[in-house]
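So that you can see what the record holds, here are the features copied from TrEMBL:
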type: DOMAIN; residues: 7-311; note: domain 'Deacetylase sirtuin-type'
type: ACT_SITE; residues: HIS151; note: active site, proton acceptor
type: BINDING; residues: CYS159, CYS162, CYS184, CYS187; note: Zn(2+) binding site
type: COMPBIAS; residues: 311-344; note: compositional bias 'Basic and acidic residues'
type: REGION; residues: 311-416; note: region 'Disordered'
type: COMPBIAS; residues: 355-366; note: compositional bias 'Basic residues'
type: COMPBIAS; residues: 367-378; note: compositional bias 'Basic and acidic residues'
Amino acid sequence: MEKLILNQQNRPRLLEIIQYIKSAKNIVVIVGAGISVSGGIPDFRSPDGLFAEIMKQYPGVFSSGRDLFDLSRIFISSRSLTTFYKFMALLKQQVISARVTATHHHFAKLNNTNKLLRVYSQNVDNLEERAGLTINDCNNIRSSDRIVKLHGEIDNVWCNICHKTFPFSSDVINAFKDGTPPECQYCMEQAEKAKISGKRVRNPRSPMLPRPNILLYNDFERTVGEEIGRVAYHDQRKADCLLIMGTSLKVSGCKSLVKDFSKAVHNRGGKVIFINTTEVATNNWEGVIDVHIQGASDDWAELVEAELEKEPANKKRKRSCEDDGQKIKEGKLKKLANKDDKVVGIRQGQPTLQFKKRKGKTKRSRGREADDNEEERKITRKRHKSADSDDKVAVTSKVSRNSGRRIKTQENKRRH
């Protein structure tokens, strides 16, 4: 694995890598929490991250930051449940105040230039959507929605009882701050209807409590791996460049996704580029990652954008009506037109022509006339065939009549 620090000294080699990215046609990006740090959302695992902050406020509740996203650890006690909800309220407030980073805008620009195939995001902040990209729900593998959420999103709350989602509103945030789950309005309405009709009321506040619409460890009720796998398999058949940004690659599912895409990209002769301020978590990435660029993702995005802006403008400027009119007169535009036709507008990049009436027969009229003549010939052949058959019938009947007369004449002669 080649290692480069994002600085002026390594600029020539960095520009070579940027040239490769500019030539790529189907770029896949896998991102983590590191790309949102400059937007105001702390990462999870750094010394100043969200895990460390929660550990200071609630010591002894969880043994590690991972336990905050482990369903089997969250509901083990009322204290752990309260800590989980307070943590989610804190995370949601930081997401609301966060801003879109240069990295997120870079993804949108790659999409606008038709180079971006997909972004697989471990983040729940939905900053990619704020940058103008749309979320793929994984129901359609050929969808043009570029964002695949690997771990869910925090804009909504999911009810474990009715499996419906509702907005993560300010009222829900206040309930989470108190360490209590919100009430699902749909479940409450259904309980009220059952009570009025005299049916048995199921307690809507069961141990499976409403929570943010994110994926947790050991949450076997909500598994989206199969849906994501179908989209990833489709993308692996096209990807020619893989960018990994803002993640230390500690999550097992993300590691498997990176290795699968790396194999597909290498089989196509592409490169795998890792952009992060720190090293990868383990040392078994040789042959998987080609280049590690050590630096902030925003700095890398700005460098790439600066190089893209230096590209000369497209030499093929938009065609005007006058240009197309001149091409028609010169016979350079392959259109059913002559020099007297007039260009009256442009539609979908092609000229809209006002044709002058031609003298004589056109190809279409000549073709129709030929078809009509052929049809007449077929009808004539059918008439001749029917006439011939009628003549044969008439001759046969005449012969049979003559034969009958001869037989009668011979019988009369014998009698006499």
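Every residue, even glycine, has its Cβ placed from backbone N, Cα and C.
Nearest in space to the residue listed as 'active site, proton acceptor', taking C-alpha to C-alpha distance over the binding-site residues CYS159, CYS162, CYS184, CYS187, is CYS159. Of all the binding-site residues listed here (CYS159, CYS162, CYS184, CYS187), it is CYS162 whose C-beta has the fewest other C-beta atoms within 10 angstroms. Neighbours of HIS151 (active site, proton acceptor), defined as other CB atoms within 10 A of its CB across all chains, total 18.
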